[in-house]
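Presented below is the structure to which this report refers.
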Ligand code: SF4
Ligand code: SF4
């Protein structure tokens with residue numbers, strides 16, 4: 001194993017893969033380590049992504065696209081459905097990916113660009129010198145080693161332990177951790193062109209339940225609930241089992257997974273001396289949708305771009321790396337994250353009766369655009385009598 | 001009497017949710033198993049967050 005690189009990337013998900021590819025393309029020596037023995041498994045994701053966002057990073061390929069989505073439905077506690085149709089809205093909806101193959105493709109592209117890839121290799125601690133990260137202590141298939149680097153890009157997902165051990169606070173408050181469970185089910189009756197989101201405190205307290213198609217009779221059926229609502233007898237798995245027993249009693253589960261989605265604000269700062277944090281580890285998951293793939297690729301790529309410039313200039317201090325932090329915050333993604341965080345904080349206060357009222361108010365609307373923003377605007381327009389009620393929501397727009 | 005965290009490896013889906021909420025950085029998801037690697041204060045936060053109910057704070061005489 002080589003022990004010295006320009007850039008060490010920790011984690012082989014979309015953030016790490018884009019970071020490694022971008023860094024290698026820019027001519028750096030790059031090493032990507034993944035603690036699991038295989039890239040892409042186990043999946044811990046609902047696998048949905050917006051088409052436009054995806055296309056910013058990679059050309060869609062049928063090998064890893066499980067379903068092409070034409071509409072989304074949001075179903076309120078009493079069954080009122082808000083339907084968003086691709087042909088009515090001005091923009092495209094999304095894809096449901098096959099992450100096992102998608103993630104491999106991304107890492108393959110990083111390898112193709114020249115990055116070294118090492119699996120079953122876990123970073124146990126940062127190598128710290130004078131307060132700066134200078135690489136990582138790793139356990140590679142049981143053998144300890146030091147890998148030194150000018151910059152470490154921590155893309156280690158929900159756990160985010162690398163940045164934590166370098167001194168950043170990455171702990172997710174219990175109430176802002178979405179506790180998730182998902183079954184990949186087959187032989188079920190679904191609308192294969194629609195991603196369905198079920199809301200309600202009986203169904204998924206402070207979260208939602210999703211049915212994301214992956215074929216005509218196959219779908220990811222999953223749920224995320226707030227950690228503070230999770231306890232014995234009412235955990236994510238319990239809610240999911242109840243939904244499945246009622247709606248898909250004869251379906252077959254061919255994969256059962258769990259996961260944690262952080263819906264807190266992003267890390268207070270995503271850089272330190274010699275360190276950058278990207279993807280879920282940076283807490284850049286959309287707090288409303290729980291979507292993290294696109295933001296992971298965006299932050300991974302940007303981190304590597306800034307790192308490359310800093311390495312070329314011979315300065316990888318926190319200050320020098322700061323344009324990465326400032327860059328994503330100032331981007332469209334940064335703005336959406338901040339707004340959707342506030343929107344989420346409003347929605348978690350709603351009881352089922354309110355959710356029903358709001359859903360009924362816009363069930364007949366045909367939205368011009370397919371976005372959280374368009375939904376909020378419509379809610380405000382359609383509910384003039386709830387001006388005070390919706391003030392918190394309106395404030396998120398300013 | 002002492003309190004400690006018990007991991008039910010048969011239930012665990014090694015998802016890492018518990019790792020991210022632990023205030024003590026006590027847990028580690030190693031490959032396909034979860035391990036208590038460092039000092040745990042038995043606060044039970046991880047057990048609350050677990051989607052599958054694989055963690056339990058137990059009191060022992
Ligand atoms: S949260 Fe539960 S299922 Fe996930 S790794 Fe921890 S103990 Fe296992
Ligand atoms: S009980 Fe508390 S300290 Fe112990 S592992 Fe769980 S969260 Fe960490």
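Just so it is clear, glycine is given a Cβ too, placed from its N, Cα and C backbone atoms.
In sequence order, A:99, A:259, A:292, A:293 make up the list of same-chain residues 6 or more apart from residue A:45 (FAD binding site) whose Cβ falls under 8 Å from its Cβ. Residue A:45 (FAD binding site) carries neither a helix nor a strand DSSP state and counts as coil. Among the features that TrEMBL reports, FAD binding site is placed at A:15, A:34, A:45, A:46, A:48, A:99, A:123, A:280, A:292, A:293.
The domain 'Digeranylgeranylglycerophospholipid reductase catalytic' feature in TrEMBL is assigned to A:177-261. In the domain 'Digeranylgeranylglycerophospholipid reductase catalytic' (A:177-261), the DSSP tally of helix, strand and coil residues is 15 helix, 44 strand, 26 coil.
Other C-beta atoms found within 10 angstroms of the C-beta of residue A:123 (FAD binding site) number 23, with every protein chain shown included.
Sorted by the number of other CB atoms within 10 A, the binding-site residues A:48, A:292 start with A:48, the lowest. Within 10 Å of the C-beta of residue A:15 (FAD binding site) we count 35 further C-beta atoms, all protein chains included.
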